[in-house]
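**Student:** The structure's right below; bear with me while I get my questions together.
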Amino acid sequence: MLPFASITASLRGSVTIQHHEYYDNNKRNKKYNTAMNVQRRRDISTNNKLVLNNVLSKEAATAPIDYPTSQRFSALPPAIGIHLAIGSVYVYSMWTPGMSKALGVVAAAPCDWTQSELLPVFSCAAVVLGVTTSTLGGWVEKSGPRMSGLLGSACWSGALLTTAAGIETHTLPLVYLGYGFLGGVGWGLMYLTPVTAAMKWFPDKRGLATGIALSAFGAGAAFAPSVIHVLVDHFAVAPEFVGDCLLTGRGVEVEGVTKAFVELTTLDDGSQVVANTSLVGEPGTPVVVATEADVAKISGMSNCPGVYAIGTGDTGVSKAMAVLGVIYGGLGAIASRFMKIPHPQWTPERAVTDGSAHDGKEEADANSNETNNIGLPASYVTTNTMQFPLLWLAVFGNATGGLALLSSSKVMLTDIFTGVSPDIVTPAFSTGYVSALGVGMALGRFGWSAISDVLGRQNTYAVFGLGIPIVGLTPYLCHMASGAGAGGEVDMWPLMAFYSGSVLTITFYGGVFSVLPAYIADLFGQKHAGAIHGKALTAWALSAVAGPMGLAYLRSHSYKSAVEDLLQAIDRHDASALERSFGVSINDDVGIQKLMNAKTLTIEKLMELAPEDFVDPSPYLYNTTLYAAAGLMSVAFLSNLAIRPLDLNKELKQLERGSVRS
């Protein structure tokens, strides 16, 4: 028994040991397989990153040192593609009319956003642009144009898609997050990347290089309005027409038959609904009233003045913006993939054709060849030179007038001239005007930068002072147009003068920024010009706040004053008209303010009740803004004249010795 028991125990122990060994081996195999799978995933991820880095890295974007000078122009098309994609940021005024009537469609509904709420979105994008270029200018230099361009394209595409979602859901914070924040980041990266790369390819012709790159930025602004106009019209849906409305009564007699009109009730919050006693329409339906002036500003829908149900149509803005978000994102990403910069030691070839001029030419070549490798650091320039703050003021003042016009160009044109010449200033004409401003900006960016190579940067900035009388005299043109309209005769010269003068002013605005990189390189050297350029663009960011937001504030103040004048004129003409139409008296300040907040009481509607000889105050809404812009442009003109050239070699020696200018 003992031997048998011993054998049995031995066998059992052997089986147990084998079982444990099998279990341990299986466990080790599972751990090994898991570790191998993790390693494979890491290898795949690493390989993908390596492939991505090999394509997008600065090294991959750097051309060989012997890259032919004759082929350097081939580096510009990708830069042009990026700026074409981001140039549409300047046509924000193409979106705001539809955004301000997202619910009412044909006229602003009580819950629709106001211009005072929408214009700061552009200013927010400008502030983020300034922060982006200031803080990420060095990163753009370090990471290379492909990585920064791709990131900028992704941000710009996401900005338009997020903004479209905000418009569709009527969520203003999403609009600010999209166009205001993501748009500003994308704008900064997509603006800075091509400019920095282009200047490195043309150290001998900086003005020409930046002009070519930035003219595409203006071209993007020129093409975008027509594309936006077509897309918005395609996606637009007319709201439900309730019926005709007569502000001064319930009906009129036409050929012996009394025609019924929609009767409205004004609620406590200032909004209007179809009255219970109305013979037309479903009682209680929230509505907006569109006047002839409102309808004249709409395209893509066959509308007539009257009452429309709120929330039954679509301006088409959100869908059009989403489509462009995809298109622009793809264009920017593809262009970024092929961005190229020269080798740090690369220099353009020079041919010496005249032996007698050899020495001077050789010396000039040597100086030009060194310009990519010398320059003052941005930190030194911004804190220890007077040239930078003066240049900053020159950019700020010149940009303010241009941005005030660009951010509200379509609204400004329609406010000033649609009432005077409704058959001429149609929605299509307004779109063409915005496109013309883009063309002017493109021509200005290319033309003035090229001219600056001959005329000089400071002298070119001095020429931009011609914009001061143009902007300052624009209110006079508005008054002339208003007077012509009141007299029953349409005089075209104020409209044409406004049109051509504003386009010329925009060429100056474009020139300010295309000349700026070369101006910076001339003053402070090329080596750190990208970082200094980013610092200088903070002036533009502040001007984008002062321009659009200042316009919004001053226009709002002028609007309230115009409404007060209209109310007084209406009360003198017919004391009961306001009570019959809106249910308030001239002395009910609280009720009138509620009506204004609900967009029920507007200049367009009050003009229906005003005396026939009363001049439409819409053209006068921008006077104070234009005078303020002309004043800031004067400051810019004087600041530019005060700039004196730096002795770059002396400044570099002081920097090397660690001395600081007092």
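We count from 1, first residue shown onward.
Placed from the backbone N, Cα and C atoms, the Cβ positions cover glycine too.
Copying in the features that TrEMBL gives for the protein in this structure:
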- 75-95: transmembrane segment (TRANSMEM)
- 118-140: transmembrane segment (TRANSMEM)
- 173-192: transmembrane segment (TRANSMEM)
- 212-232: transmembrane segment (TRANSMEM)
- 348-371: region 'Disordered' (REGION)
- 390-408: transmembrane segment (TRANSMEM)
- 428-448: transmembrane segment (TRANSMEM)
- 460-477: transmembrane segment (TRANSMEM)
- 497-524: transmembrane segment (TRANSMEM)
- 536-554: transmembrane segment (TRANSMEM)
- 620-643: transmembrane segment (TRANSMEM)
**Student:** Does the transmembrane segment (212-232) make contact with the transmembrane segment (75-95) through 3 or more Cβ pairs under 8 Å, each pair 6 or more apart in sequence?
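**Tutor:** Checked: the transmembrane segment (212-232) vs the transmembrane segment (75-95), in contact.
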**Student:** At an 8 Å Cβ cut-off, counting only pairs 6 or more apart in sequence, do the transmembrane segment (497-524) and the transmembrane segment (118-140) clear the bar of 3 or more pairs?
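**Tutor:** No; fewer than 3 Cβ pairs under 8 Å.
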**Student:** Count, for each of 75-95, 118-140, 173-192, 390-408, 536-554, the Cβ pairs lying under 8 Å from the transmembrane segment (620-643), and report the range with the highest count.
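**Tutor:** Per the Cβ count, the answer is 390-408.
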**Student:** Is it the case that the transmembrane segment (460-477) and the transmembrane segment (390-408) touch, counting contact as three or more CB pairs under 8 Å in which the residues of each pair are 6 or more positions apart?
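**Tutor:** Contact criterion met.
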**Student:** Take the C-beta pairs under 8 A between the transmembrane segment (118-140) and each of 75-95, 390-408, 428-448, 536-554. Which stretch has the highest count?
**Tutor:** 536-554
**Student:** Who are the long-range neighbours of the transmembrane segment (75-95) in its own chain, taking Cβ under 8 Å and residues 6 or more past its ends?
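**Tutor:** Answer is 63, 121-122, 125, 149, 152-153, 156, 179, 183, 186-187, 190-191, 193-195, 197-198, 201, 209, 212-214, 216-225, 228-229, 317, 321, 324, 328-329, 331-332, 334-342, 406-411, 431, 434, 438, 441.
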**Student:** Would you kindly list the residues that approach the transmembrane segment (428-448) from elsewhere in its chain, counting only those six or more residues past its ends and only Cβ-Cβ distances under 8 Å?
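**Tutor:** Cβ under 8 Å, 6 or more out: 87, 90-91, 93-94, 210-212, 214-226, 228-229, 297, 299, 405-406, 409-410, 413-414, 460, 463, 499, 502-504, 506-511, 513-515.
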